[in-house]
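These features come from TrEMBL:
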- G170, R171, S172, I236: NADP(+) binding site (BINDING)
- 10-125: domain 'Tetrahydrofolate dehydrogenase/cyclohydrolase catalytic' (DOMAIN)
- 144-290: domain 'Tetrahydrofolate dehydrogenase/cyclohydrolase NAD(P)-binding' (DOMAIN)
Amino acid sequence: MTTIPPEKLIDGKAFAEGLRKQIAAEVQVLRDQHGIQPGLAVVMVGEDPASDVYVRSKCKQTGECGMLSVERRLPADTSENELLLLVEALNKDPAIHGILVQLPLPRHINADRVLNTIVPEKDVDGFHPVNVGLLSTGGQALVPCTPLGCSLLLKDRLGDMSGMNAVVIGRSNIVGKPMAQLLLKENCTVTLAHSRTRDLPAVVKAADIVVAAVGIPEMVKGEWIKDGATVIDVGINRLPGSAEGKSRLVGDVETAEAAKHAAGITPVPGGVGPMTIACLLRNTLTACKRLHGLED
Ligand SMILES: Nc1nc2c(c(=O)[nH]1)N[C@@H](CN(C=O)c1ccc(C(=O)N[C@@H](CCC(=O)O)C(=O)O)cc1)CN2
């Protein structure tokens, strides 16, 4: 792992730990005062090794927060119809307040059809078109976990972001587009850059906030970063490592070089990744409260 000077480190792992403690305390209150236990169902199809790790962590942390954790693992040859039937059953299950279908799904399953079948009120991934629309119009959306985590880290670090120039690199539905919406909500001037953006180094150089979510190892060069900027690295790229066959993780940003210019930067691992799961728990708590007509 690249060393970042402590004063520049944006420690997502520590922040996520604090957030989970806060969520656990709120879950306890919900249980004690209202007799309600939030429930999260995580559905995984097939045997992708990375998804396996993430699903295990999600279920473990859900239980540790005092929530009901339901893990449904289906074989890789599960039909789309079987998966849709499971989602519909979870939609109707009163013990379940959040439903997450782990991505990627096997190629024979239409992911959009599955995600759009989750009722918006239980869509703790925030991927349903209703939640996408609510986010862009300023309504009560469930917000996708990774951008929500980035936004919490930025707010904690920077406070008021009004008028800052922010660039989001990558225009995915899961990270890039909702991230741009969240930064807009914070009154940033937002550029959503992508593979066709002209002179990306110059666009990044003008930014006070850089969110890199391209999925290309160390694509964002350290010298592109403006002095004093804040850098959030969403990339989790697994590279072949040492002779012992161990892989290593790198982000989308050249961390060590970028840290020479940035005022704050997230590491990989230990930055945005842990925030994704903590925000999933937060969304489950939010969904539960809303479904029971309680204040957020
Ligand atoms: N339905 C969804 N599927 C996927 C999502 C999602 O938000 N919803 N996001 C990603 C994967 N992801 C969560 O599912 C995720 C990725 C990484 C981490 C994490 O904590 N990473 C660690 C490193 C762990 C490692 O060694 O691999 C870190 O960055 O420190 C958590 C969740 C795709 N699918």
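Positions of Cβ are set from backbone N, Cα and C atoms, glycine also.
A map of TrEMBL features onto the structure.
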residue: G170; record: NADP(+) binding site; Cβ contacts under 8 Å, 6 or more apart: G176, A193, H194, A212, A213, V214, G215, V234, D252
residue: R171; record: NADP(+) binding site; Cβ contacts under 8 Å, 6 or more apart: K177, L192, H194
residue: S172; record: NADP(+) binding site; Cβ contacts under 8 Å, 6 or more apart: A213
residue: I236; record: NADP(+) binding site; Cβ contacts under 8 Å, 6 or more apart: L249, G251, V268, P269, G273
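Under 6 Å, Cβ to nearest atom of ligand 1: this is the test, and of the binding-site residues G170, R171, S172, I236 it is passed by I236. The DSSP breakdown of the domain 'Tetrahydrofolate dehydrogenase/cyclohydrolase catalytic' (10-125) into helical (H, G, I), extended (E, B) and coil residues amounts to 60 helix, 19 strand, 37 coil.
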